[in-house]
Amino acid sequence: MWGSAILPIALLAALPCANAITLHKRSEPAVLGLPIVRTERSQALQKRDSKTVSADLYNLVGAGLKSSIQSTRSPGKLLIPSKQNMQYWVNITVGTPAQKVSLTLDTGSSDVWVNIPNSTFCSADDDPCSPYGVFKQKDSSTFHMLDYQMNATYAAGFLAEGYYATDTLSIGGVKVKDYQFAVADISHNENGILGVGYQKGTDAYAIGKEYTNLPGALVKSGATNSAAYSLWLNKLDSTGNILFGGVNKARYNGELQSVPILKVYGEYRSLAIALTEITVKDKTYASGLPLAVSLDNGSSMIALPKELLDPIYKDIGAGYDSKSQFGYISCDAAHWDYNITFSFSQAKVSMPISTLVFPHYSETSFPKGDCIFGMVPSQPGVNLMGDPFLRGAYVVYDLDNNEISLAETNTNDGDDDIHEIGTGSDAVPGGHSAGLGLTAPATMTVTGELSTTDGSAPKTSDGGAAATSSSSEGLAALPTSNPNHLLPGLLGAGLLLAL
């Protein structure tokens, strides 16, 4: 949930129509589903019939946790004391016998790593990792340590260092034997990460040790038939779902429309597509577009270039507080009855503007009566469609066919209607590219000029050449051995929400 590769600002504008994803209805679909829950953290993993699997995700922003995280300064307000709390967790087990751990789901990174009890962070006197579980490798009879390391450094001060290993991993009732993951003996976070991005985004790939990460490992284990999964976050305080190997047609409106994932430095490493237009009411905004954006559940905000956001801010009366690094808008906007629409070629996702408005309780310099607005200026080259967008969309990440499929979310209760995503090249028909691939210099450094395939240098929001960056103002990670992989996560410091 914490990342995306560094992305250039501009794309070539030739974007053909999107294609509808091909789905197959079966009585026992080969899908692995993980319901997303923002309330209680004790709910057990679940398995669907046959080759479908389900497990729960959790977030501290849930009514079930209000009693334990109440603000003492304002009764009834939920205190979110750190950026890490705005995450989605999934319960898994590791080892033999199985040891339970809660990991942060991350569409923007690719490794799975766990904390251990004697790590520099978890061994602190206040035992910070105990609510999420730690992995005791010596207690597992199937644990095997490998001879190379994982090293991820996060720009906001978070890091994870350790070594790769293999062991039995169980998710949603499905066991994956000899699964490769990392054990962090140095970390700055209470819980580990469950990365579900491209396997070329792993830290091991950067040192020539490519392995099959979770989406592919589920295919190899027979749990699913395709390295694809769908994400349905649902409303802020409701149960959602991540479904490996399939989609749930009951959870979106209309048809799924597919757009190609963009290459970064000639390879598929980031789950990024081309944003082509934003419409608010009847006005269209397209300054600096098309633009490569990462669909990343690791960001609590939509982060886009300032030149694109400035006219939107002006027209709707929003502002930006540089101290807290949050946008703000009148709390009345939570009751406005018009939509904001994000276009990705012909794929469009429309949602009420109110979905981007959040109450707050924090030390900010916001004008009186203003709330948090879910769109903020991005760091150069790091553009994210975070949770506010993903709660309004149903998203299918198809790693096999390098496509992302989108539809508008359906938050109405109803029975599941699960369909398998087909295998092979016919799973998503058409094969049209919604934008040309991206290239980079043959020798990649942490800071380097990017270019489109036509040879032109894409521009940043200030008009200069786009360059990669090793830092941002959120939970950003840059694996030391993998300079192509920046993991921008939650933007801003210490979000306090009143629910």
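In case you wondered, yes, glycine gets a Cβ from its N, Cα and C as well.
TrEMBL: automatically predicted annotations, no manual curation.
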>> Identify the disulfide partner of C331 as annotated in TrEMBL; candidates are C129, C371.
In response: C371
> Roughly how many angstrom lie between the C-alpha atoms of D106 (active site) and D296 (active site)?
Replying inline: 7
> Taking each of the active-site residues D106, D296 in turn and counting other Cβ atoms within 10 Å of its Cβ, which one has the fewest?
Replying inline: D106
>> Can you check which residue among the disulfide-bonded residues C331, C371 has the largest number of Cβ atoms within 10 Å of its own?
In response: C371
>> Distance check, please: Cα of D296 (active site) against Cα of C371 (disulfide bond), rounded to an integer number of angstrom.
In response: 23
> Which of the three DSSP states, helix, strand or coil, fits C371 (disulfide bond)?
Replying inline: strand
